[in-house]
Every structure is written in C-alpha cells, then in structure tokens.
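Engineer: Dropping a structure here in structure tokens format, bear with me for questions.
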C-alpha cells in the first residue's frame with residue numbers, strides 16, 4: 001500500500017521521535033540532541049543520538065539511521081504499512097483509503113522502477129563486456145577501482161539505437177513503459193523519418209541517479225567522444241524531476257549525519273572522487289544551478305551545507321546563483337557555506353595531485369553565505385565618492401530585502417551596516433592620505449574635494465583635541481539639553497558621524513556627562529556596528545553602565561518619542577539640531593568670549609584653531 005508524502009510527513013510532525021524512542025532507550029538531553037545506548041547493538045558508551053528538530057536518529061557505533069517510521073519497523077519487526085498504520089493511530093490520524101486511481105498509479109510507479117532497475121543491470125553488464133571496454137578504460141583513467149564502480153553501479157550504454165530496447169523487451173517490459181521511464185525516445189514527426197522508438201543513451205558511461213531510498217529513477221550519461229551534449233540526463237518522468245533530486249543522496253545521507261555537514265559539488269565524477277578520498281558526504285545537482293527544493297533537501301541533512309565549486313568563472317557564477325537562490329528561504333540556524341577549489345583544479349584533479357588533505361583545507365576555508373554576498377557586491381568597487389558608496393549600500397540592501405525571515409534579515413542588515421561602516425571609513429581614510437589625522441576618523445580636511453558637509457576638528461601636533469588645554473568655563477548649561485544631545489546620538493549612532501565636530505568642541509557643564517561625550521567620540525572608530533545596542537554595550541564596557549541607566553530612566557518619560565531608538569533618524573536629526581541650537585545659543589557666546597581672551601593673551605596655533613572651530617560652529621548653528 002502506498003501512502004502520500006504529505007500523509008507520512010503529517011505522521012512525522014505529530015509523533016514525537018524522542019517519545020517513541022524513549023520508550024525503549026533511556027535518553028539524556030545534550031544541547032539540541034538526545035543521546036543514549038543504541039538499541040540495535042550492544043555498547044557501554046552511548047553513541048546513539050536523536051535529533052527531534054531534524055526528525056532522525058543515528059548511531060555512530062553501528063550506523064543505524066532513520067526516522068520515527070523506520071524505528072518502529074526495526075524495533076517491532078513491522079512492514080512499512082504496518083508501522084505507518086500503528087503510528088497513524090497514535091497520532092489520531094485516519095489512514096487514507098487508496099482510490100482506484102491511486103492504486104493504479106502506485107502499480108504504474110512500481111513498473112517504472114522495474115524498468116530503471118533492469119536498465120541499470122544491462123548497463124553494468126555491458127561495461128564489463130567487450131562493447132564496454134572504452135567506458136571501463138575511461139573510468140580506470142579517472143582512477144576508479146572495481147569497488148567504487150560497483151558501489152555507484154556505473155555502467156555503459158552501447159553505441160546502438162536498439163541495444164537497451166531489445167534487452168528490456170527480452171525482460172518482458174513493454175516498450176511504452178520504457179518510453180514513459182525516459183529510457184527510449186518515442187517516434188517523432190513523420191518528416192524526421194522515425195518509425196520506431198530508439199535508445200536515448202548511446203555510447204556513454206552511465207551514472208544511475210537514485211531517490212532517497214536508493215531506487216533508480218534516472219540516469220546521467222557522459223559521452224566518450226566529441227558528441228554533444230557532453231553529459232545527458234534523463235528527461236522528467238513520473239519518477240524523476242531534475243530540480244528536486246541530488247546525485248549521490250542515498251549514499252551521502254548516513255555519512256552526512258555522522259559528520260554533521262554535506263558537500264555539494266558540481267558533477268558526478270566530483271562526487272565519486274570525493275567519496276574515494278574519504279568525503280562520503282558529497283552530492284551534486286544535475287547539471288543545473290541549485291533549486292530551492294534541493295536546498296531544502298540539503299537542510300534536512302545538515303544546517304549549513306558546503307557548496308564546493310571550481311574556481312573558474314563558471315564555478316563562481318554557479319556559487320552566486322546558489323547564494324541568491326538561498327536568500328529568500330534562509331531561516332534561523334540554516335544557511336550555506338562556500339568553498340572554492342583553486343583554478344584550474346576541480347575536486348578530482350586536486351585530490352589526485354595533492355591528496356585528500358588539500359581538499360580538507362579547501363573545505364575548512366569555506367565562507368559564510370553573508371561573506372559571499374558581501375564580496376560579490378563590494379569587490380573592485382571604487383568608493384571614493386558619496387554616490388559610489390551609496391550605490392554599494394543600495395545594492396546590499398536590495399539583496400537583504402530578498403530574505404523573507406525577519407530575524408535573519410535584521411541580522412544581515414546589522415552585519416552589512418557594520419561592514420559598510422568599516423569599508424567607508426577606510427575609503428575616506430585613503431582619500432585623506434598624507435593629511436593630519438582628524439579627531440574622528442570619519443571626517444575630512446577642509447579643502448579636500450571629498451569633504452563632508454560637517455567637517456571634524458583636527459587634533460593638534462600632540463594629538464590633543466583643540467581647546468583641551470583651556471580651562472573649562474562655568475556656564476548655566478541645561479543638563480537636560482546635554483542629556484538629550486547624548487541620548488540622541490547613542491540611540492541613533494548614524495547621527496554621530498554628522499555631528500561629531502560640533503559635539504567634539506562642546507564641553508558639558510556636567511562632568512560625568514562630559515566624560516561620556518568624550519568616550520563616545522574617542523571610541524567611535526572601534527565600534528563594530530552602527531547599532532544602538534552595540535553602542536550601549538561598548539559604553540557599558542567602558543564603565544558607564546550606571547550613567548546610561550540613569551540617562552535611560554531620565555529620558556524614559558520624555559513626551560517626544562523622537563529620542564527613542566525606534567524613531568525615524570530624520571526626526572532624531574531634526575531634534576538634535578534644534579536642541580544643539582538652543583544649547584549653543586547660550587553657551588557658545590561664553591565659550592567664544594573665553595577663547596578670544598585666551599587668544600589675546602597667547603595666540604598659539606592651538607588656540608587659533610580652537611577659536612576658528614568655535615566660530616565655524618556658531619555660523620553653522622545659526623544656519624540650522
């Protein structure tokens with residue numbers, strides 16, 4: 001009796017694997033998994049693990065592996081239908097009664113599987129006979145031994161239009177069934193002169209393609225001559241849909257469970273070469289870019305599959321396509337990693353030239369998906385103008401917008417904004433090469449062609465801030481205004497780059513707030529992210545936890561929501577400018593008066609620079 005995949009998935013989702021196995025095995029929770037003594041062999045040290053999230057169990061001792069249905073079959077010696085019916089009853093599900101058409105469909109599928117199995121046996125026999133000598137010689141040249149050839153059931157299709165057709169006929173299989181299975185090509189239009197069906201695969205080394213249960217559903221064939229295409233796959237059939245299948249999946253499932261990851265390479269021979277080198281957790285798509293269905297299939301095997309492609313242009317294009325295909329379906333804890341085999345090698349040639357350890361180094365250097373997207377978008381881009389920097393930011397935000405999961409999308413946005421910050425900081429630094437270092441690295445010298453609207457204050461020769469040597473001026477400053485000026489840039493760190501010069505020349509009347517102001521400016525260069533939470537964590541690590549708590553409490557009841565972190569940055573910017581103008585309207589006059597007196601007594605370069613900065617700030621604040 002056949003059951004629909006959706007019905008079987010419903011059973012797996014409703015019946016707890018841990019509960020079922022826990023009836024026979026004492027399980028101990030370790031992280032996301034449970035472990036215990038294997039029920040399938042005698043052991044003293046637990047090597048049996050159960051992963052509820054992924055829905056499978058695995059024993060590292062004897063290799064036992066399966067899901068809740070498999071466990072019921074093995075422990076109670078049940079047939080598949082019996083195990084399904086037992087678990088369905090436990091889950092409160094009614095076993096669907098097969099309609100006549102479903103029974104006929106299941107019977108038809110069984111016949112198609114029979115065609116594929118008989119075809120595989122035929123190809124295997126031909127490979128070992130005189131006709132298959134070219135195919136066997138090719139496999140030997142590629143370094144394959146009898147064990148590998150047998151394990152992957154490799155074969156050879158004779159260069160004949162009817163060799164397989166006759167073999168299937170002798171096995172009692174109808175010609176129409178072989179056409180439906182994709183092994184024969186049906187007669188075409190009359191003008192082509194085709195009156196009979198003929199073999200699809202001719203003069204090719206044959207690679208069987210199986211489903212997850214190891215049943216043959218299709219073939220891939222490699223030509224040995226100059227014929228095209230070089231590789232030919234079965235067409236889509238009732239058994240086979242190219243975008244939902246991975247070559248080598250049946251062989252890779254258990255090894256992937258053992259090592260916790262799966263390798264995705266480009267082709268059949270890559271999978272086989274990796275297997276021979278000890279990397280038995282390798283699979284490959286079937287000549288096309290990874291599909292969403294294939295990525296979901298990979299995630300059932302491992303949370304972060306490694307996409308291992310060649311270093312040539314085609315391989316890198318395939319990697320990028322895989323990255324873009326994965327973005328919309330990313331979810332917490334599930335992603336891709338990317339490893340590149342150095343050009344001009346592929347996994348097979350690299351292993352033969354340098355050994356498995358060279359391949360291991362390639363895999364260990366796999367990059368996260370986020371890094372691949374970042375490198376593709378940022379590589380070789382000139383970032384010497386605001387427009388070019390904005391273009392990079394725009395393109396990255398477009399990529400982030402593809403991610404459907406909100407939490408993953410937010411993490412990508414935070415990560416890329418942090419990278420943009422560091423990259424733009426470096427780009428501006430390169431543009432200012434040879435000029436004195438400003439107090440804050442994000443600024444620019446007056447006169448520089450790339451100067452920003454809000455220029456920053458340059459340090460003096462001794463590295464001190466202008467005016468640092470002048471005595472503080474007592475002033476009737478508003479502590480509330482000082483708190484607001486600080487909290488606005490802490491809650492909206494992107495403002496800090498714009499207002500750093502003006503914030504830098506202020507000296508708050510409240511000494512504690514002034515220390516916080518200086519620390520924010522002093523350490524801006526080392527902030528890893530323009531994120532309010534990150535900024536607060538940094539300041540707390542510098543000893544300002546109590547002060548921040550007081551500020552947050554003091555501002556918690558502000559009538560204006562603009563000061564809050566979730567307020568639009570445009571509104572926060574407008575409020576900061578308004579508060580600054582009110583604050584400096586009273587305080588700047590006092591500061592200027594004192595600086596002018598100091599300049600009259602001692603017109604040093606430092607005093608003159610500080611006076612200039614104050615006048616510049618006064619002019620700017622008047623224009624706000």
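Cβ atoms are placed via backbone N, Cα and C, with glycine included.
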Engineer: Under TrEMBL, which of the candidate ranges 432-477, 478-523, 524-569, 570-615 is annotated region 'Disordered'?
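Structural biologist: It is 432-477 that TrEMBL describes as region 'Disordered'.
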Engineer: Please find, within the list 38-62, 63-87, the residue stretch that TrEMBL describes as zinc finger.
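Structural biologist: It is 38-62 that TrEMBL describes as zinc finger.
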Engineer: Can you count helix, strand and coil residues in the zinc finger (38-62) using DSSP?
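Structural biologist: Computed counts for the zinc finger (38-62) are 0 helix, 8 strand, 17 coil.
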Engineer: What else in the chain is close to the zinc finger (38-62), if you only count residues 6 or more beyond its ends and a Cβ gap under 8 Å?
Structural biologist: 12, 16-18, 21, 24-25, 27-28, 32, 68, 71, 74-75, 254, 257-258, 300
Engineer: As a test of reading the model: what is the averaged pLDDT for the domain 'Toprim' (260-342)?
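Structural biologist: 92, rounded to a whole number.
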Engineer: Going by DSSP assignments with H, G and I as helix and E and B as strand, what are the residue counts for the domain 'Toprim' (260-342)?
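Structural biologist: Breakdown, helix to coil: 34 helix, 17 strand, 32 coil.
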